[in-house]
Amino acid sequence: MQPLVIAAIVALVVAGIIAIVVWSIVFIEYRKIRRQRKIDKLIDRISERAEDSGNESEGDQEELSALVGMGHDAPWVINDL
């Protein structure tokens with residue numbers, strides 16, 4: 001094979017690997033954002049119910065503690081939202 005063809009194949013492989021890494025990072029961040037939105041909605045719902053009824057909803061608090069108590073999405077991710 002010619003050197004130009006080999007260089008083109010290597011460039012495609014490298015571009016593919018970079019694309020996989022970038023989209024993996026995007027997917028992990030998307031999951032973090034989606035999880036944070038769930039937590040924010042639960043906190044809002046708990047505070048609204050506390051204002052309305054004078055006490056907090058036990059079911060919402062349990063769901064919130066389950067979401068917050070989850071482990072890391074990936075073991076190599078240290079900072080957690």
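Glycine is no exception: its Cβ is also placed from the backbone N, Cα and C atoms.
Over in Swiss-Prot, the protein carries these features:
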{"type": "TOPO_DOM", "residues": "1-7", "note": "topological domain 'Extracellular'"}
{"type": "TRANSMEM", "residues": "8-28", "note": "transmembrane segment"}
{"type": "TOPO_DOM", "residues": "29-81", "note": "topological domain 'Cytoplasmic'"}
{"type": "MOD_RES", "residues": "SER53", "note": "phosphoserine"}
{"type": "MOD_RES", "residues": "SER57", "note": "phosphoserine"}
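Remote same-chain residues near the topological domain 'Extracellular' (1-7) are listed as none (criterion: CB distance under 8 Å, separation of at least six residues from the stretch ends). Each residue of the topological domain 'Extracellular' (1-7) gets a DSSP state, and the totals for helix, strand and coil are 5 helix, 0 strand, 2 coil.
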